[in-house]
C-alpha cells in the first residue's frame, strides 16, 4: 500500500501532514517542559486518532484498486472508518480547554490547539474525499455527495457523544448498550442542535475546499479574467 501511495498525488500532502504533526508534537513537548505541566498531552492522542480514519480509507482504496471483492473484512474496515472518522474534526472542540489557560499563555495555547485542529480537519477531508471517490465510482456523483452529507451529520453527532457524553469510538464494542441509550436520547437535548450545526460546518467546509481544488491553474481561466489581472495596476 505504501509503495503505491508514495507514487501517487498523495505523497506531498501526506508528507506535509506528517511534518505538521511532528511540529505539533514538538510544540506540545516544549510547552510541557516549559510549563512543567502535561496539560496538552491529550492533543497528541487525539491527533493519533485523527490519523486512523485516513489509514483505513487508504487501505480500502488500495483493496478497491487491486480489485479485491467486498467481503466481510472490507465492510468491517468501512465501519471502523465511519466510527473513527469523528475523531479527526473532534480536535476543534478542544478549544474548550482554553478556559483553563492563564492570561499569559492563552494565545500560546490557542495557537497549539488550532494547529492540531487544522491538521485534524485536513486529515478528515482527505479521508472523506477518498471514500467519496469510492462511492462515486460505484453509484455516481450524486450518491457520492449524499454520502458526504450523511457522514458529516453523523460525525456531528459523534463529536457530540465524544465531547459532552465522553464516549469513545471503541465503546461500540466495549459498552454498546450504554452508548445506544445515550444515542436514543439525542433528540431531547442540546445534541440535536450541536450535531446539526457541527455537521453542517463539516459539510460546508469540505464543499468549499473541494471547490477550491477545482479552480485549476490560471491558464485555464477565461481570457477576460487573465487579461484583466495582467493589466491591473501594481
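Numbering starts at 1 and runs along the chain as displayed.
Here the Cβ of each residue, glycine as well, is placed from N, Cα and C on the backbone.
Note that the coordinates shown come from a computational prediction; the quantities given were computed from them, not determined experimentally.
If you look up TrEMBL, you'll see 40-60 (among others) marked as transmembrane segment.
Per TrEMBL, transmembrane segment is recorded for 72-92 (among others).
Per TrEMBL, transmembrane segment is recorded for 112-130 (among others).
What TrEMBL lists as transmembrane segment is 142-161 (among others). Sequence-distant contacts of the transmembrane segment (142-161) (same chain, six or more residues past either end, CB-CB distance under 8 Å): 82-83, 85-86, 89-90, 93, 124, 128, 131-133, 135-136, 167, 169, 179, 182-183, 186, 191, 194-203, 206-207.
Residues annotated as transmembrane segment in TrEMBL: 194-212 (among others). Outside the transmembrane segment (194-212) by six or more residues, the chain places 89, 121, 124-125, 128-129, 148-149, 152-157, 159-160, 164, 186 with a CB less than 8 A from a CB of the stretch.
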Positions on the same chain near the transmembrane segment (72-92), where near means CB under 8 A and six or more residues out: 43, 46-47, 49-50, 52-54, 56-57, 59-60, 63, 113, 116-117, 119-121, 123-124, 127-128, 131, 151, 154-155, 158-159, 162-163, 169, 172, 198, 202
